[in-house]
Amino acid sequence: MPELPEVELTRRRLERDITGKQVQQVLVRAPKLRLPVPPELEEALKGRTVRAVERRGKYLLLECEAGWLIVHLGMTGFLRLLHTPQLPGKHDHVDIVFTDGSVLRFHDPRKFGTIAWTTDSLDKHPLLAGIGPEPLTAAFSGAYLFRVSRTRRVVVKLLIMNMAIVAGVGNIYANEALFRAGIRPDRAASSLSRTECERLAVTIREVLQESIDLGSTYRVEEGTVTYHPLAFDVYGRGHGTCTSCGGALEAVRLGNRSTVFCPRCQQ
């Protein structure tokens, strides 16, 4: 699944490629993805110009003259800009055709993605209203993490993957951040000390920013998911060797998600 760094890289690419383009038409081949594609989408976008491309958590936000297009890539989705016409494939569900002939194509084999439209404030939209602070901003801190963890009866990994707590931390980067912080993923969130929360907030920012700076683990240009296992200390390395102490890594499932950690280095 594309996580925050992958979505941010997609945002930057789209900002570069489609800002200022005018929509000529919208072609919807699959009217229902995870949620129904708004039937008014073509009428709402036709003739409108893309003013900006922003991000909230894992949601891409395309600001148009009349409102906002909200896109979530789901498990397997990606957006690709075609500069010349190409016949759609089986999983090419939505095309936004621009007046210069280019096409922004949404491809999603599993149909877990979402395309929504709103003319209201983004903060009021049901998909965005309950999202927590962005992890790369000052609003997310160790003090904040300590405060929200006091009353949560959940393990720490699931706490930081909760979009209501912090926006956009997915499975990959939760594993990596917890390893760097030296915290077991299955510890009760309420057991974390203030110092541990400070350390974890720092490592969450580190792994996300490093992934963005390195170009992430997801080939956004082609949309193919290409992970680089050597870049990870724990994710995808269940029963491998710890890069720090040389001990054996353990693999468990938390919240039905694969979780890998070092029982020596993480307490």
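Yeah, the Cβs are placed from backbone N, Cα and C, and that goes for glycine too.
Checking the candidates His91, His125 against Swiss-Prot: the one annotated together with Arg110, Arg152 at the DNA site is His91. Within the set His91, Arg110, Arg152 that the record links to DNA, no two Cα atoms are more than 40 Å apart, and one pair reaches that distance.
Beyond the zinc finger (233-267), the same-chain residues lying 6 or more positions past its ends with a Cβ under 8 Å from any Cβ of the stretch are 155, 157-158, 161, 171-172, 175-176, 178-180, 182-186, 227. Using a 10 Å Cβ-Cβ cutoff, Arg257 (active site, proton donor) registers 16 neighbours. DSSP assigns Arg257 (active site, proton donor) to a strand in the three-state reduction. Among the active-site residues Pro2, Glu3, Lys58, Arg257, the residue whose Cα lies closest in space to that of Arg152 (DNA binding site) is Arg257. Cβ neighbour count for Arg110 (DNA binding site): 12 (other Cβ atoms within 10 Å of its Cβ, all protein chains included).
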